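Structure record follows, encoded as structure tokens.
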Amino acid sequence: MELDECLERLYKAQLLPEVTVRALCFKLKEMLVKESNVIHIQTPVTVVGDMHGQFHDMLEIFQIGGPVPDTNYLFLGDYVDRGLYSVETIMLLIVLKLRYPSRIHLLRGNHESRQITQSYGFYTECLNKYGGNSRVWQYLTDIFDYLVLCCIIDDEIFCVHGGLSPNVQTIDQIKIIDRFREIPHDGAMADLVWSDPEENNNPTLDHPDNSGQHFQVSPRGAGYTFGRSVVEKFLRMNDMNRIYRAHQLCNEGYQIYFDGLVTTVWSAPNYCYRCGNKASILELYSKDQFYFNVFEEAPENKLLKENSMNDNALEDSISNPVANRKLIADYFEDDSASADGSTDPEMYIFSDVYQARSASNRHVDYFL
């Protein structure tokens, strides 16, 4: 099947045959293996945050931000899980990358992981859509191992899914990471996709710990939280001026930290079809000219919830019943959770960490 024919089908949310998925994944591996852990691109570019299988919202992005290849896009990761159309979402991005390799750039997020996707929807979705076998999931999660970790725009803007790491002081240290594997539980690679900036909630983040670093172990169970001093040091050492990242739900679609040194971009509106948040894409015209294009959910999502599914069925579809569905429901009943969109701890993948922390803190999340 030709790439343009694949695109025509995918834009209509039609599944591709398994044999085609396999062939496309093989071609993309051949392309991605040639890319460095850190890619360099130039403005103008539009930066996209978490999508989480919200396929119709991704189509909305191509409407408001411009179609490919007219617009140059950088996606910051987390393409799958939670939304009902993770397969269609990642497949469209794969084919667009193959068709327009210089106009679509894909970073790896913490959900581009075999372990995570077995618990938070993507694995089950692949089984349901491809006759109960896991081969398509295997093809796609193999692709995840080839996705790049970071991007630098105009030699001055550092882009990553999550955040910084106490194991990384320079860009050169990122370039030598062995990325062609499952995301480990700890270390530099894990930190890049799991860590978060934290501005107001913990002032001790700007004071060094015993090792002389300005990091604290993240409540997510992986990665770290880090303060302004970490950001300033990293930017100074690498001659950068700011950081763009995703990974955290923002009620207004984006959030700015440390007087503009760090910006979070969130691109999944009404996350999980019920959070009510806005989303944004960051249109970067030059290093000093940019615009947050804020948008709301696509009409198809409203129809999906109103006409196709009741709340229980929707919840069944966006979460693996084995993966603490009751806790997810409890989260949504807690009106105080993420009220300002700035704090949203993960539902911890490491069960022992999760059990200890959830017992003392009901403010759990649905795995961003």
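Don't overthink the numbers, they just go from 1 along the chain as shown.
Every residue gets a Cβ built from N, Cα and C, even glycine.
According to Swiss-Prot, the Mn(2+) 1 binding site annotation covers Asp50, His52, Asp78, on the basis of similarity to another entry. According to DSSP, Asp50 (Mn(2+) 1 binding site) sits within a strand segment.
Taken from Swiss-Prot, the feature Mn(2+) 2 binding site covers Asp78, Asn110, His161, His247, and the record attributes it to similarity to another entry. Secondary structure at His247 (Mn(2+) 2 binding site), as computed by DSSP, is coil.
Taken from Swiss-Prot, the feature active site, proton donor covers His111. His111 (active site, proton donor) falls within neither a helix nor a strand when secondary structure is assigned with DSSP, and so counts as coil. Around the Cβ of His111 (active site, proton donor), a 10 Å sphere holds 28 further Cβ atoms from the protein chains shown.
Around His161 (Mn(2+) 2 binding site), the same-chain residues at least 6 positions away in sequence with a Cβ under 8 Å from its Cβ are Leu76, Gly77, Asp78, Leu107, Arg108, Gly109, Asn110, Leu192, Val193, Arg245, Ala246, His247. Spacing of Asp50 (Mn(2+) 1 binding site) relative to His111 (active site, proton donor) is 10 Å (Cα to Cα, whole number).
The CA atom of His111 (active site, proton donor) is located 9 Å away from the CA atom of His52 (Mn(2+) 1 binding site).
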